[in-house]
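Here's the structure we're looking at; comments come further down.
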Amino acid sequence: DEEVGCFPNVCKNDGNCSIETSTGMTRCQCLEGYTGHVCENPL
């Protein structure tokens, strides 16, 4: 399975993109100091 949801990486500010296997949705693991669905919000 190709993880098309992460190419290109939708996460902002160098967040780490991964695919939720149960839903097929992308999720972002944000670097420290950022929050939001795609790490778009500085803390």
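Every residue, even glycine, has its Cβ placed from backbone N, Cα and C.
Here Swiss-Prot flags 2-40 as domain 'EGF-like'. Taken from Swiss-Prot, the feature disulfide bond covers Cys6-Cys28, Cys11-Cys30, Cys17-Cys39, and the record attributes it to similarity to another entry.
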Mean of the pLDDT scores, which run from 0 to 100, over the domain 'EGF-like' (2-40): 90
Distance from Cys28 (disulfide bond) back to Cys11 (disulfide bond), taken between C-alpha atoms, in Å: 6
C-alpha spacing of Cys6 (disulfide bond) relative to Cys17 (disulfide bond), in angstrom: 6
Disulfide-bonded residues compared (Cys11, Cys30) - highest count of Cβ atoms within 10 Å: Cys11
Between Cys39 (disulfide bond) and Cys6 (disulfide bond), the C-alpha gap once rounded to whole angstrom: 14
The domain 'EGF-like' (2-40): DSSP-derived helix, strand, coil residue counts: 3 helix, 10 strand, 26 coil
